[in-house]
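> I'd like to ask some things about the structure below.
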There are 2 protein chains.
Amino acid sequence: MKIGLLGCGTVGGALVALLDQEGDRLARLLGEPLEIGRILVRDPEKERVAPISKDLLTTQLSDVIDDGEIGLVVELLGPGDFALGAIRAALGAKKSVVTANKEILSTHFLELELAAEAASRDIFFEAAVAGGIPLIRALRVSLFGERLSRIVGIVNGTTNYILTKMQEEHISLDTALAEAQQLGYAEADPSGDLSGRDAASKLAIIASIAFGSHVDVEDVNVDGIWGITPSDFDFAERSGGVIKLLAQAERDIDDPDAPIRVEVFPAIVMSTHPLASVRGSFNAVFVEGSAVGQLMFSGPGAGGLPTASAVLADIIDAIKNLRTSTRASMSMVTDTRFVEDSSIDAVFALSVDVADAPGVLSQVSEVFGHHLVSIARMEQDELDGELAHLVFLTHRTRLSAIKATMAELADLDVIERSHKLLRVLE
Amino acid sequence: MKIGLLGCGTVGGALVALLDQEGDRLARLLGEPLEIGRILVRDPEKERVAPISKDLLTTQLSDVIDDGEIGLVVELLGPGDFALGAIRAALGAKKSVVTANKEILSTHFLELELAAEAASRDIFFEAAVAGGIPLIRALRVSLFGERLSRIVGIVNGTTNYILTKMQEEHISLDTALAEAQQLGYAEADPSGDLSGRDAASKLAIIASIAFGSHVDVEDVNVDGIWGITPSDFDFAERSGGVIKLLAQAERDIDDPDAPIRVEVFPAIVMSTHPLASVRGSFNAVFVEGSAVGQLMFSGPGAGGLPTASAVLADIIDAIKNLRTSTRASMSMVTDTRFVEDSSIDAVFALSVDVADAPGVLSQVSEVFGHHLVSIARMEQDELDGELAHLVFLTHRTRLSAIKATMAELADLDVIERSHKLLRVLE
């Protein structure tokens, strides 16, 4: 039985190289070689680093789907309808599928799980979330029996790289982003990462498995890192923390009908928290369960080789199942309710630049009062002769109340500028 | 199909309670209930916290082994030949086995794997190592295709609790141990933990899976935490680190015939290293692979409920395999060579109390010179009028050379006391 590979970019190329390098050893371990039968590419003439025979290349999806020797399709095409169609076609032809496609899974999770079930085949996607960290299999298998209450983590390496740079070198987001792009840690169009959308896709997949419910990326409340400034980092540091982009899924485990809450947001993470020390493009995920307590998984969140390693683990697992005619089953419930913005409560840090004049603080405080937002701490720094920088840390309060507060503040004449709203990880 | 439970102590009791509490939900997820058919106990009359029907209890192993309805035996008896015999009998009767028995696995790993293979059944042991952390399954499945070069971690919660107390409260080992015993973190006879033997058992199991070779606990070079003093912590702190008991397995991945090196030792871990911040009874394990890079897993290393959670994961996995008549296979090589003490090289921290007299330093230095041990750094503190405390940090050197150095130093008249030899985690 052979493998059909769809796409041969960074991860696909690393996979081919890995299979080439580890082939003999894996054949010994598995009792048969892992052989690639066909590779779908856009341009067969392109120069490739990985050792690939030209005979394997094709530009026709049907060459892979219709090949009876191919029992397993590895989809590494990236976002888009073509990839979705390819996965559907592979499952339709009763081939198991391994994919790293977070965009597709975060929108079509339930459909594809059901298609795999109908075909009696596997769909595996360890590489779609948190790169080389074996998180998906831990959730699917090791923690299958747990009632999970919370998953919170850093799942986007690009933004974590940028935030780490901003923190350590006191530079602006634009400067850090340019550096990340130069080093290949950020794409030319970084909006998917910086907006939090990439993290939201991964969170949707994590939450779907962790809670056995289909969570779509559109269900996630998303706020990204656009607008974060060095002065936000100064404030975070004075508060004893650093700024991280967090993805969090929560559920009340004592109430089986409780809604799920899925959010991506920038937060001040206190230095004593293990997530505060996750630097650069690394990922880390906390998992909290009713019996097991708190677990943490961390490792490389991206990169061709770590991601290819996760794909390889899925390939081996899928092939073992194909050999014994079994499959890994999911148990999905579909009637999930999501928490509205208005009911999310948390501790917030909020900062504004104001005219440095008598009575300003009282005007600003009055606005908080209107919305019943209670202030835990306030700090004032003079910016220059005419402006002052005010920072407020709230008690636990509703997101809707904070948003209403910020909207009313924006209308005050004395407010020169509102900074990014940050949550605080307790 | 029912479960036969052998032993109903802390973990067994927690498992019964967990199955009772989660029973309905698990039955829905699995499509059938997880039912305990029989429980082997020493004393059926004993009061138990878990909700157990007296009808299930027996004092006869044969009542479990000969029960045709029981397809899976969960062994939680603790160390000893009786437990070993019970596992053999269960596999012999073609029942799958889930065990938390690190003592037995660290001495009979290969025999039991082969017995499981011969019976076409599984033997699972997630709970034998690192409590609730799903490390074993990650190594067996997710990292199956990786060439692993190194595993290093904190795998004994008792010693980590004691070392954390010594570090944070500047107390002696005896005081910290007494406190740990009072709180139930250490047993009345703590020698298995403090000698490093418990960590060595877990390391033997980890290394056996990670390297696909049978590693026996007797193969592990073990040094425990006996003899560690508050002044060792002072020195560690001045060096920018803390003292941890580490378990480490290493292999040269570029040489398939390279020996494996397995060791347990107290070390100075620099504060910047993630293992330095693992506090109390928590466990954490680093895994380094050729493709995936560095991963870390951390979580509760002990406790009834987290350990029962790991047992439950194994039960679910084993039952799924029994239903589909498959099993999880291991690929074992048996011809492993181990590194002798003499060839282990590392950076060492070594401290001695000496008579505070002229010429002492030169005498001591001369001994290092004899054994070609190169000193990277030396510090001298006055202890009182007559004694001085010398601390040496070596360059990378052989363990045999350091041991010879310490032996010769002990014979010097000017040496009043040698402290614990510590390695430094680079």
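Residue numbering: from 1, along the chain as shown.
Even glycines carry a Cβ here, placed using N, Cα and C.
Automated prediction, rather than curation, is the source of TrEMBL annotations.
What TrEMBL lists as NADP(+) binding site is B:Leu6, B:Gly7, B:Cys8, B:Gly9, B:Thr10, B:Val11, B:Gly12, B:Gly13. The annotation NADPH binding site is assigned in TrEMBL to B:Lys102. What TrEMBL records for B:Glu187 is L-homoserine binding site. Among the features that TrEMBL reports, active site, proton donor is placed at B:Lys202. Per TrEMBL, the feature domain 'ACT' maps to B:349-424.
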> Near B:Lys202 (active site, proton donor), which residues of its own chain have a C-beta under 8 A away, given they sit six or more steps off in sequence?
B:Lys102, B:Ser106, B:Ala128, B:Val129, B:Ala130, B:Val155, B:Asn156, B:Ala247
> For B:Leu6 (NADP(+) binding site), which DSSP three-state class applies?
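SS state of B:Leu6 (NADP(+) binding site) = strand.
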> Compute the mean position of the Cβ atoms of B:Leu6, B:Gly7, B:Cys8, B:Gly9, B:Thr10, B:Val11, B:Gly12, B:Gly13, which form the recorded NADP(+) site, and then list in sequence order the other residues of that chain whose Cβ is within 8 Å of it.
B:Leu5, B:Ala14, B:Leu15, B:Leu76, B:Leu77
> Between the binding-site residues B:Gly7, B:Gly9, B:Gly12, B:Gly13, where is the Cβ count within 10 Å the lowest?
B:Gly9
> Determine the mean pLDDT over the domain 'ACT' (B:349-424), rounding to the nearest whole number.
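Average per-residue pLDDT within the domain 'ACT' (B:349-424): 89.
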> So how many of the residues in the domain 'ACT' (B:349-424) end up helix, strand or coil by DSSP?
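DSSP composition of the domain 'ACT' (B:349-424): 23 helix, 32 strand, 21 coil.
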> Provide the number of Cβ atoms within 10 Å of the Cβ of B:Thr10 (NADP(+) binding site), excluding the reference atom itself.
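Excluding its own Cβ, the number within 10 Å is 17.
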> Measure from the Cβ of the residue listed as 'L-homoserine binding site' and count the other Cβ atoms within 10 Å, all protein chains considered.
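Around the residue listed as 'L-homoserine binding site', other Cβ atoms within 10 Å: 12.
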> Just to verify a number: CA distance, B:Leu6 (NADP(+) binding site) to B:Glu187 (L-homoserine binding site), in angstrom, no decimals.
22
> Do you know offhand how many angstrom separate B:Glu187 (L-homoserine binding site) and B:Thr10 (NADP(+) binding site) by C-alpha?
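Given the Cα positions, B:Glu187 (L-homoserine binding site) is 13 Å from B:Thr10 (NADP(+) binding site).
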> For the residue listed as 'NADPH binding site', list the number of other Cβ atoms lying within 10 Å of its Cβ atom.
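Other Cβ atoms found within 10 Å: 24.
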> I want to verify one value. Collapsing DSSP to three states, which class is B:Glu187 (L-homoserine binding site)?
coil
